[in-house]
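First up is the structure itself, then whatever we jot down about it.
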Amino acid sequence: VYDIPEAVKKSDIIFLLIPDEIQKNIYKNHIEPNIKIGATLVFASGYNYFYGFIRPRSDITVLMTAPRMIGWGVRDVYVNDQGFPSLVAVGQDPNNNGYSILMTLCDRLGMFRKGGCAVLSSFKEETLVDLLSEHSWVGVMLYSFRAYYDVATELGASPASVILELYASGELAEIAKSMRDMGLFNQLKTHSRTSQYGQLTRGPLYITDEFKKTLKNEAINILNGTFAREWNDEENNGYIVYN
């Protein structure tokens with residue numbers, strides 16, 4: 001086991017797998033002074049490279065392998081000899097061999113096993129779709145669940161039954177698997193007709209023009225760096241809002 005500077009000195013390929021908010025300082029203080037001429041730097045997300053928080057030297061090959069699942073999930077499918085989907089990209093290619101290195105890494109990491117794939121993308125695209133998910137449906141799900149809990153318990157449902165219905169039963173995970181395997185709307189065939197009718201007639205009531213406007217504004221704020229600056233300020237101010 002080596003500390004970061006020593007590991008970087010010994011490596012031809014460096015994977016930067018630490019949290020976004022600490023990458024730039026680690027890179028500046030420990031990686032940049034020690035990285036070999038002509039080395040390859042691999043990001044697991046587009047964030048810091050797209051926003052320019054990390055600017056590798058011109059001789060460095062810059063790649064991205066961004067799994068579309070959380071870290072422990074990648075490990076689980078790998079040890080079970082299965083693949084996982086990723087967005088991949090070449091950001092900087094001084095030696096004209098970046099794509100070849102990228103495909104080799106994808107293969108060695110297990111992306112081409114059963115159930116996996118590598119979708120050629122860009123640092124910009126990965127940053128947009130990743131953050132826009134977090135700023136829209138993922139966050140909406142959390143707060144809509146909380147609103148559901150409030151309404152259902154106010155009308156007499158027990159907390160246990162509500163939590164079981166929302167997520168504790170595991171049904172949500174099974175629906176997500178059906179979406180993956182069958183398609184977003186085609187998976188409705190696995191639901192009762194009553195459920196299908198309710199989802200298709202009531203779901204659109206929540207997706208108003210105002211919702212779409214908010215979603216578009218969030219996408220713009222992601223692409224123009226507004227959110228990145230906000231998050232950077234939050235870090236510099238001691239995570240007052242976050243905490």
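Including glycine, each Cβ sits where the backbone N, Cα and C put it.
According to TrEMBL:
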- 1-121: domain 'KARI N-terminal Rossmann' (DOMAIN)
- 122-243: domain 'KARI C-terminal knotted' (DOMAIN)
- Asp130, Glu134: Mg(2+) 1 binding site (BINDING)
- Asp130: Mg(2+) 2 binding site (BINDING)
Within 10 Å of each Cβ, count the other Cβ atoms and name the one among the binding-site residues Asp130, Glu134 with the highest count.
Asp130
Based on DSSP, tally up the residues of the domain 'KARI C-terminal knotted' (122-243) by helix, strand and coil.
98 helix, 0 strand, 24 coil
